[in-house]
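J.: The structure that follows is given in the form of structure tokens.
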Amino acid sequence: MNKSALLSPAPFGRLLTAMVTPFDDEGKVDYGLAADLANYLVDQGSDGIVVCGTTGESPTLSWQEQQKLLETVRNSLGSRAKVLAGTGSNSTSEAIEATKEAANSGADGALVVVPYYNKPPQEGLEVHFRAIANAAPKLPLMLYNIPGRTGCSISPSIVSKLMDCSNVVSFKAASGTTEEVTQLRNYCGSDLAIYSGDDALVLPMLSVGAVGVVSVASHLVAPNLKKLIESFLEGKYSEALYLHETLQPLFKSLFATTNPIPVKAALQLIGWSVGPPRSPLVSLNSEMKEELVKILSSLRLI
């Protein structure tokens, strides 16, 4: 088994939660609840919080809401945990503006997704990310590859070129395969901190060189995920495998439909009134909710 995760940096810790954005009964961002939820997630074991990412419904948040949400979480957590801001856009100029604002607001890093919809070629991706890195040179960046949502994928060779920017330090791998991690390791070595972007693949990705996970399930089972990662790093592979297998039904249910629909429903079930997603996303249907209740009950979460 590859122990390269032991040799790689983990600049944002091992377990990061891609936090949902709570909405009140009128559909407005509930900033007070966001602060409470962020602190709860850290109490449960999260080393870092990602705000305004995919799970945080960034496409339906205004720039003003995103900025206030980042400032709220940053101020609430203080030095208790790392705070990363989702600053990606399919417009380079907008991504630059958002990343600079994140740096000015005290973020510990920025999660910058591959541009979506306009499907730039690899040369365009290099220009895009290099411009962002150069615009906020002191802010550590986590590049984010999720081709199922963006329609294109950044190649490991381009990532390796971008590493001459000193603030390109990490990568969220959400292509759904361990091969992506292997190729990134081949091109970039151990200096790039690779995080799994898929809860179901945490253990497989750790085994080929990832250092941790940007998780959705950690809203619910952070201690279990923390233990899984620690068990792997300590060489307790049977224990890590047991946790991996035990949590698979939950992982599957949280992605039975578009994220963050299921995790918001799950949070409601365990007592967090985070509200439904904003349109065009909808609430979890009754059949999926019934299955989610069974899984949460089996894990003694409700």
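Placement of Cβ uses the backbone N, Cα and C atoms for every residue, glycine included.
According to Swiss-Prot, the protein carries these features:
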- Thr54: site 'Part of a proton relay during catalysis' (SITE)
- Thr55, Val214: pyruvate binding site (BINDING)
- Tyr117: site 'Part of a proton relay during catalysis' (SITE)
- Tyr144: active site, proton donor/acceptor (ACT_SITE)
- Lys172: active site, schiff-base intermediate with substrate (ACT_SITE)
J.: Rounded to a whole number, how many Å is the Cα of Thr55 (pyruvate binding site) away from the Cα of Lys172 (active site, schiff-base intermediate with substrate)?
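T.: Rounded to a whole number, the Cα-Cα distance is 14 Å.
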J.: Can you tell me the CA-to-CA distance separating Val214 (pyruvate binding site) and the residue listed as 'active site, schiff-base intermediate with substrate', as a whole number of Å?
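T.: On Cα coordinates alone, these residues lie 7 Å apart.
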J.: What is the nearest of the recorded positions Thr54, Tyr117, Tyr144 to the residue listed as 'active site, schiff-base intermediate with substrate', using the Cα of each?
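T.: Closest by Cα: Tyr144.
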J.: Once the chains shown are all counted, how many other Cβ atoms turn up within 10 Å of the Cβ of Lys172 (active site, schiff-base intermediate with substrate)?
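T.: A count of 27.
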J.: Would you mind ranking the recorded positions Tyr117, Tyr144 by how many other Cβ atoms sit within 10 Å of each Cβ and giving me the lowest?
T.: Tyr117
J.: Report, in whole Å, the straight Cα-to-Cα distance of Tyr117 (site 'Part of a proton relay during catalysis') from Tyr144 (active site, proton donor/acceptor).
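T.: Spelling it out, the Cα of Tyr144 (active site, proton donor/acceptor) and the Cα of Tyr117 (site 'Part of a proton relay during catalysis') are 15 Å apart.
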J.: Where Tyr117 (site 'Part of a proton relay during catalysis') and Thr54 (site 'Part of a proton relay during catalysis') are concerned, what is their Cα separation in Å, rounded?
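T.: If we compare the Cα positions of Tyr117 (site 'Part of a proton relay during catalysis') and Thr54 (site 'Part of a proton relay during catalysis'), the gap is 15 Å.
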